[in-house]
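Working notes, beginning with the structure itself.
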Amino acid sequence: MSKGSTTKKWIQDHTSDYYVLQANKLGYRSRASFKIIEIQDKYNLFKQNMFIIDLGAAPGGWSEQVVKFIGNNGKLIALDLLEMAPIAGVEFIQGNFSSDETYERLNQLINDKKIDCVISDMAPNLSGNKTSDQARSIHLLELALDFATTNLNRNGSFVAKVFQGQGSDEYLKLVRESFNKVTQFKPKSSRPKSREFYVVATGFKG
């Protein structure tokens, strides 16, 4: 199949996707909103007054839901390389999470406070080389985990998108070293053919 045909098929599948249609109907920013809603329904991670960091936030599908869960007295900082339209109650940083400059801006907003939950829907820009793309994905996951274990409250939580493949099992072992309970969850709103799942880690050992 040619690249043009592949792109055309993706557009057709995307525009007829149930969750895309529902997101449009409900005014959600993306189908990803349903994923974080499913995660909350199953694990009840987000509570009033919590401090949350959302990595890989654009276009804001997770942030627009989580900010409702934590209420007006909660705090949510979102970060992404891409622009994101403002969301009431969300502080946004545009920058590359792997850069020292962006990391420093994030730390300034955190202001030495401990975080209740770090959520990450980060994924690399795909090159088409599966081996390279998977390695870059695992690298982002390692950065997110390092950030979480540095900044979380004791008993805090961590949620991140993982693509099944080389390095994913080893990554889960790393997560288990720092959290009391680690589970894998594939939301119904994930595309069936996608290799993605979410690692949900609770009870940060501190």
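Quick reminder: no glycine exception, Cβ is built from N, Cα and C everywhere.
The active site, proton acceptor annotation in Swiss-Prot covers Lys161. Classification of Lys161 (active site, proton acceptor) by DSSP places it within a strand. Within the same chain, residues at least six positions away from Lys161 (active site, proton acceptor) with a Cβ under 8 Å of its Cβ are Gly56, Ser120, Asp121, Met122, Ala123, Glu196, Phe197, Tyr198.
Sequence annotations record features per position, and here Swiss-Prot assigns S-adenosyl-L-methionine binding site to Gly60, Trp62, Asp80, Asn96, Asp121. In the three-state DSSP assignment, the secondary structure recorded for Trp62 (S-adenosyl-L-methionine binding site) is coil. Around the Cβ of Trp62 (S-adenosyl-L-methionine binding site), the same chain contributes Ala32, Ser33, Lys35, Ile36, Asp54, Ile119, Asp121, each under 8 angstroms and 6 or more positions distant in sequence.
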Excluding its own, the Cβ atoms lying within 10 Å of the Cβ of Asp121 (S-adenosyl-L-methionine binding site) add up to 23
Cβ density check for Asn96 (S-adenosyl-L-methionine binding site), other Cβ within 10 Å (all protein chains) comes to 12
